[in-house]
Amino acid sequence: NPDHQSLKNKMISRLGLNLIRNQKLPQLSKELAVLPRCYCSTTSQSDSSLPPKRPAQHSPISWKSVGVAAVAGGAMLAYMLYLKREKEAAIAKERRRMLGKAKIGGYFELTDHNGVLRKSTDFLGKWVLIYFGFTHCPDICPDEIEKLCKAVDKLEKDGCPVQPLFITVDPERDSVEAVGKYVKEFSPKLLGLTGPVEKIAEACRNYRVYFSAGPRDEDDDYIVDHTIIVYLVNPDGEFVDYFGQTKTYEDIFSAVTLSVAKFEALKSKWF
């Protein structure tokens, strides 16, 4: 330490001077031997005053642990989505089973109200709502078709286009011209279909539609008794759901929206 060294030098100087004056040189060496020894340190005073360094501490969170957690979370999410899809598929399967083991829907080949031949395969890739009726129906058919068209309009505004179809069960009176005039009273989106008796019978049979002409009056007029149901067909051409006379257009809208959402979820490829 510089201060200790300076003090030692001063003491040596004073002691040596006194002893020299008194001629006590041998005693000088003895006095020097008992002086406290001072050692020089390589550590400066400023460094020695600093607190000791603490050992480095490592955080328990690292990029590796974050990566492992992300992979585990992603695997769990994928598994949950898989279970959800399996559940929805099971529900859809059960729904189809409850609707009956008999196959509903199928191929048809009829003529539209513009005179164009139409096949059921022409509507693949589209959602379709089908109603079977006849143009001479006094009240029920107009009410059901109007309800159908209102549901279609609301679905289209919601971003879900649906093709409405009207298939006659009275081909004897419902010609192409008669059907064309009839459907134009409801909506430009509504497509009317007619055809020979055997083709109409085939379409009705595929959709399990009952129809029977009643007795004729003196004017040769008659009423056709028939099933009052709107059928929903998905873009794969498969029958999905049906709506009876008690359903409102809002009920149809909600049911179709739900069916579309389920169909798109099952078709999406997550895995």
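Cβ coordinates are placed from backbone N, Cα and C, and glycine is handled just like the others.
A TrEMBL annotation is a machine prediction, not a hand-curated record.
The model shown is predicted, which means the values in this text are computed figures rather than measured ones.
Lifted from TrEMBL, the feature list:
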{"type": "BINDING", "residues": "Cys137, Cys141, His226", "note": "Cu cation binding site"}
{"type": "DISULFID", "residues": "Cys137-Cys141", "note": "disulfide bond"}
{"type": "DOMAIN", "residues": "99-268", "note": "domain 'Thioredoxin'"}
{"type": "TRANSMEM", "residues": "61-83", "note": "transmembrane segment"}
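The average pLDDT for the domain 'Thioredoxin' (99-268) in the predicted structure is 94. Sequence-distant neighbours of His226 (Cu cation binding site) (same chain, 6+ residues apart, CB-CB distance under 8 A): Phe132, Gly133, Phe134, Val169, Val209, Tyr210, Phe211, Ser212. Applying an 8 A CB threshold to same-chain residues 6+ apart, the list for Cys137 (Cu cation binding site) reads Ile223, Val224.
Within the same chain, residues at least 6 positions away in sequence whose Cβ sits under 8 Å from that of Cys141 (Cu cation binding site) are Tyr131, Gly133, Phe134, Thr135. Excluding Cys137, Cys141, His226, which define the Cu cation site, the same chain contributes Phe132, Gly133, Phe134, Ile140, Glu144, Val169, Val224, Ile228 within 8 Å (Cβ to the Cβ centroid), listed in sequence order.
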